[in-house]
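Written out below as structure tokens is the structure these notes cover.
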Amino acid sequence: MATLEAKVVIVTGSASGIGLATTKAALKEGARVLAVDISPRPSCLEDDPELDFFQCDLTSPSAAADITQRCLMVFGGINVLVNVAGIIDHCSSVDTLTDDIWERCMAVNLNAPVKLMREVLPIMKKQKSGSIVNISSKAGSSGAVSGVAYTASKHALQGVTKNVAWRFKADNIRCNAICPGGVTSAISSNIDSSAIDFAAVETMLPIIDSVKVNRPDFELVRAEDVANAIIFLASDKSSRISGAMLPIDDGWSTI
């Protein structure tokens, strides 16, 4: 039996990277998936009766409610929420940070997952089961990975994950976070290179390079590697795991 057989899964950020890999993996494991992204449906997501693609801006005030209602309308329930969608900053230190990038990072990386959890939790409580997987980052436990806005948003998301895990364990609802580090994805494609804080980047490069150089293939972590862990935490095979911060970073978390 497939690990997500008959489960209804919401995946945000599903048009590329980790979200796309997770959407494909969930379908392969028997799930019915509501795939959400601000971008249009990618051509590689073929027509599938178990898939519904919903184009949506997560920063819209009604986004969380709209996504939840769409999932209930199409699939009749919600078993799993996977909060993948995220943006990065320009590696800005606090002295070069703009209000816009701070507010944008918080809106997408923290506010959107929190609001979606708020919407789905009553449904999960009523059915006495559910699994939530949030995508944090190596930056959620370190100050030497990205800029201050991204770092703060991912630290905060880990705190939210732990709080939800503890508060709703009596309802048989689990909440965990994946903490990727050095993943090949499109998250950096929208960065304005002219706004990058290169002085900050210079302090981080030696650490990042050391992570890559001791891999036999010199490759970054693949989106599929992260998706495999997400599927495990979404499934009943991890029924006693809640409140975990799981690093997928080739050992980066050890330094």
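Glycine is treated like the rest: Cβ placed from N, Cα and C.
As recorded in Swiss-Prot:
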type	residues	note
ACT_SITE	S136	active site, proton donor
ACT_SITE	Y150	active site, proton acceptor
ACT_SITE	K154	active site, lowers pKa of active site Tyr
BINDING	V11, D57, R118, Y150, K154, V183	NADP(+) binding site
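Distribution of Swiss-Prot features across the structure.
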residue : record                                     : Cβ within 10 Å
V11     : NADP(+) binding site                       : 31
D57     : NADP(+) binding site                       : 13
R118    : NADP(+) binding site                       : 13
S136    : active site, proton donor                  : 28
Y150    : active site, proton acceptor               : 26
K154    : active site, lowers pKa of active site Tyr : 27
V183    : NADP(+) binding site                       : 20
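Secondary structure at V183 (NADP(+) binding site), taken from DSSP and collapsed to helix, strand or coil, is strand. Once the Cα atoms of V11, D57, R118, Y150, K154, V183, the listed binders of NADP(+), are compared pairwise, the greatest separation found is 28 Å. Classification of R118 (NADP(+) binding site) by DSSP places it within a helix. For the pair Y150 (active site, proton acceptor) and S136 (active site, proton donor), the Cα-Cα distance reads 10 Å. Candidate recorded positions: V11, D57, R118, S136, V183. Nearest to K154 (active site, lowers pKa of active site Tyr) by Cα distance: S136. Rounded to the nearest whole angstrom, the C-alpha distance between V183 (NADP(+) binding site) and S136 (active site, proton donor) is 12. The residue listed as 'active site, proton donor' sits 15 Å from V11 (NADP(+) binding site), taking the Cα positions as reference.
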